[in-house]
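The structure appears right after this line, and notes come after that.
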Amino acid sequence: MCWNTAEFPVWLLHQLLNIIHTPWRMSLLRGLLGMELIGTSVRLFLDFQEKLASLDSALILDVPLGVISRIEKMGGATSRGENSYGLDITCKDMRNLRFALKQEGHSRRDMFEILTRYAFPLAHSLPIFAFLNEEKFNVDGWTVYNPVEEYRRQGLPNHHWRITFINKCYELCDTYPALLVVPYRASDDDLRRVATFRSRNRIPVLSWIHPENKTVIVRCSQPLVGMSGKRNKDDEKYLDVIRETNRQISKLTIYDARPNVNAVANKATGGGYESDDAYHNAELFFLDIHNIHVMRESLKKVKDIVYPNVEESHWLSSLESTHWLEHIKLVLTGAIQVADKVSSGKSSVLVHCSDGWDRTAQLTSLAMLMLDSFYRSIEGFEILVQKEWISFGHKFASRIGHGDKNHADADRSPIFLQFIDCVWQMSKQFPTAFEFNERFLITILDHLYSCRFGTFLYNCESAREKQKVTERTISLWSLINSNKDKFKNPFYTKEINRVLYPVASMRHLELWVNYYIRWNPRIKQQQPNPVEQRYVELLALRDEYIQRLEELQLASSAKLSDPSTSPSGPSQMMPHVHTHF
Amino acid sequence: MEFSELIRTGRAQAKLLRGPEAPPLRGTLCVTGHHLLLSPGPQATSDLWLLLLRRVDSIEKRVSGDSGTITLRCKDLRVLQLDIEGVEATLDIARSIEALSSLESVITSFPFFYRPKGLRLGDAWHFHPPERYYKRVARETNAWRLSEVNEDFSLCPSYPRAVIVPRAVDDDALARCARFRQGGRFPVLSYHHAPSGTVLLRSSQPLTGPQKRRCAEDEELLRAALAGARPGARGFILDTRSAQAAKQARVTGGGTEAKAAYPGWKRLHRPLERGWPLQESFVRLVEACGDLEQSMDRWLSQLEACHWLAHVKEALSTACLAAQGVGREGACVLVHGAEGTDSTLLVTSLAQLILDPSSRTMAGFQELVEREWIQAGHPFQLRCAHSAFSHARPKHEAPTFLLFLDCVWQLGRQFPLSLEFGEGLLLALFEHAYASPFGTFLCSSEKERCLCEVRTRTHSLWSGLNQPKEQRKLRNPLYVPSPLAIWPSVELQTLRLWQGLFLRWIRPPEPSEVAWEKVWQIVTDKKTEGCEPTVSASEPRL
């Protein structure tokens, strides 16, 4: 089934509305409202009857339909008083729009139905917007991530690790990718037996290997220990095999992302954690990160203090009471521990939570970002997201609720947003370490909801394959990679072997105002255009400089072969090469 | 020399701990008249370590067994620990530091002995004379004149020799105005906004007293200010006290301008914190920042309880109001509180930074600090006698100047391209305002500086800062001149704790400083064509 354009009604400035309530105390704006569906967005035009000092033209609000989480009617036919009758639209990106309408003419019913129909296509047997998107880009973002190439970049397979296609048809584990990296010494039968002991068959597989000390980050789900404290010889042996791939340390470190009590409580539903008795050669630590429900409630509290009014009098203590930054701190602290264990502790690390698709993904991907500078480039980061989140089955469809009208669904949770927030915190602390800028991160988040691209649709690779997502939709990376300059950090200096340890203390974390409060005109960056202009200039200058340096390097390498050149030449050149890039 | 009487011991063996990042230093510790020295011994690779004793804010000693520990908390918020061999030596050194760091005499202070290489005495004091600015305004407007009525500081001891007043008001009238204003601080021009022709003025409170006295000359002066701007121009009197506090001031002889006496002027009250509560806020903030033991869950509410950011917000929004009056409403604005030497200067200087692009340059900002703080009589000697660690009962201390620097930092953060100087300059000004080898921040007024012959006997901080080797630290590599006003957002959500200052010695300094250096490299490498280093913006314009 397909939408044809004729089905998009276009109301251009003829829906007479009484009052427009925009958020953020921009007071009441009175004017005419027009609504138009453009592709995957609903565009709202506001044309003011009274000219406002700050806004001299019509205000246009582009609200991607995918961003709408809830549409509600306010008031009824008998409502009295101004602004008591209309529509209230809750968005997933911290925005709320409230329109007060005139009661005459039943215009609201039409608007409500049209909006509901297209904002929640799943409930109306309509396809998700991404399948209708006919945009063209000059690069294909679906080619960015190729697992074989990525593992080869990491130096895999090697003597200890092999690539297996056992999950080719998603029979071993339906939420894992087709291609997995497992210990060389574990046979496919071993893997099948281990799968029976891990929640949802998510067996321990390799995420990342240290290029020098060969320690690894391995991810999985919780073991099915249960109340009776079940054991599984194959699982125990399998972890030992993982430990032995690295001969430097006698213990395997297991990070259970959950708080200790939650891990214990999970035994009641058949889960649990690796006990000392069963796993002699492993050390287990709990990282105290709370579950998806806690995170959702925390973000809800953040929204409460920034919408509809920004909490004024006790801003900092209100912010504290949301605990959002505290959760960010715990996630970052956990990732730092993983990275440090692998890099300095020279111990292989196994990370899991309950199912291994939320907190586990946060920890492995953040640790990899700290350890491997490749992931700090634009394409590297795309690969990281594609690999650790999308291919390993972070349940984007359930967590975001694409096209789904059940806004109160308990499965929704801002886990991926929290990850991006952590990345932003890191980029604040290391302003030259990331190739991408803040706009890149915000763009990713915008399209996490927009449904314009197929990138974040569905819960796992098998579902995406079934829906032929890569054939039928466009990748978000097509948009980004075809206009990379817009997303570049002009101060990026490439450093190969630097491990980044951000400071995860509360003193050094801050609320991402440009994201969470960006709709408030009073908070807006005051000088966006000159800053951007300057960044673009700097980027151009930088490219010019790189080019000149390359020429110089060529010239100097030519000189190197000439024995008569002074020996100081190359040694002076080298530090430059390192410091600038 | 009297210093020798205060030095109880020659030397001792000691180990110096400088925080988590720097490695400890071992060597011979030595107290001199102005410095604490640690000489690492002949075979050591590191140089002599030196601390200006005036920089010490508080000192704590502890002895155990046959050694002792001295903790020095410095005015720049650094905390140092000295482990010293010998109980006697420890106590002697502690006593010597205590005595020498709290000497109050100005003319025996270190700036009178400091003779750095490459700088000549007397240089650079002419860098930023306010007269130059005043002459320009007088020339351009024809409504203002430079008066020498305060040549001998008799009219107003806290004003400089040269003051700028409406042309229509003669020196005799000024003398009567001075008697009507606290401390003789009659209304003078602070800033002339050329695009609108209006002016920013500052003064102290009028001495109306309980009888609601009036002063015809004072009223005439303000009338002349309006007339000089534009026929029919309006004026705002921005009182930095609450309406009630202003009213109460009448009991002690002060007060505020009566509406009927000043036609065309409208009074607004914007209370700003000052004095002890401001100092307390600073002390509590530094305490919270240094308290590493305590659980971090409460950090944000602790930060809020200090109220420092609320003070930043109030200062910035009041400055915005003043700037709005001048820049957008085309009105004249007179700012005063009580004495007119603290929050008044905070508001007038910030308003200029918002409105005036030339005050956002390196030279312009130094000129602003010189004209609106140093020459305008902010009592640095009293306000900056102690920083946040002192146990001494505070008398006149208040971090008004630090609050100004913090507001400037917030502006710089919101407008990363608009200030020619960077955080480095603000940090340097903070350090030097509290303890400095230079004479610039000595004394509390120009009169005192003249008595102490500061200009001829000490070096100016500006000549120290404008040396080429300092430039990378102080300048903003991203600066692009812009003729526009920079209106900051003053919402608490957009204000940040100035980590570079308050967490300077606590956080690992690496990332931000490394980043700053890299940005410099990227920017200057562009400007340098080919291999020839050409003169670029990184050269100071002297």
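Note that Cβ sites are derived from N, Cα and C of the backbone, with glycine treated the same way.
Quick look at what TrEMBL annotates:
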DOMAIN    A:141-516  domain 'Myotubularin phosphatase'
BINDING   A:Asn291, A:Ile292, A:Cys353, A:Ser354, A:Asp355, A:Gly356, A:Trp357, A:Asp358, A:Arg359  substrate binding site
DOMAIN    A:322-384  domain 'Tyrosine specific protein phosphatases'
ACT_SITE  A:Cys353  active site, phosphocysteine intermediate
REGION    A:557-581  region 'Disordered'
COMPBIAS  A:557-571  compositional bias 'Polar residues'
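A map of TrEMBL features onto the structure.
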| residue | record | Cβ contacts under 8 Å, 6 or more apart |
| --- | --- | --- |
| A:Asn291 | substrate binding site | A:Arg258, A:Asn262, A:Ser354, A:Asp358, A:Arg359 |
| A:Cys353 | substrate binding site | A:Ser221, A:Gln222, A:Asp256, A:Ala257, A:Arg258, A:Ile289, A:Arg359, A:Thr360 |
| A:Asp355 | substrate binding site | A:Ser199, A:Arg200, A:Arg202, A:Ser221, A:Gln222 |
| A:Trp357 | substrate binding site | A:Thr175, A:Arg202, A:Ser221, A:Phe392, A:Gly393, A:His394, A:Lys395 |
Model confidence over the domain 'Myotubularin phosphatase' (A:141-516), averaged pLDDT: 94
Cβ packing number for A:Arg359 (substrate binding site), 10 Å threshold: 29
Sorted by sequence, non-A:Asn291, A:Ile292, A:Cys353, A:Ser354, A:Asp355, A:Gly356, A:Trp357, A:Asp358, A:Arg359 residues with Cβ within 8 Å of centre, substrate: A:Ala257, A:Thr360
Three-state composition of the domain 'Tyrosine specific protein phosphatases' (A:322-384), taking helix and strand from DSSP: 45 helix, 4 strand, 14 coil
Cα-Cα distance maximum in Å, computed over every pair in A:Asn291, A:Ile292, A:Cys353, A:Ser354, A:Asp355, A:Gly356, A:Trp357, A:Asp358, A:Arg359 that the record assigns to substrate: 12
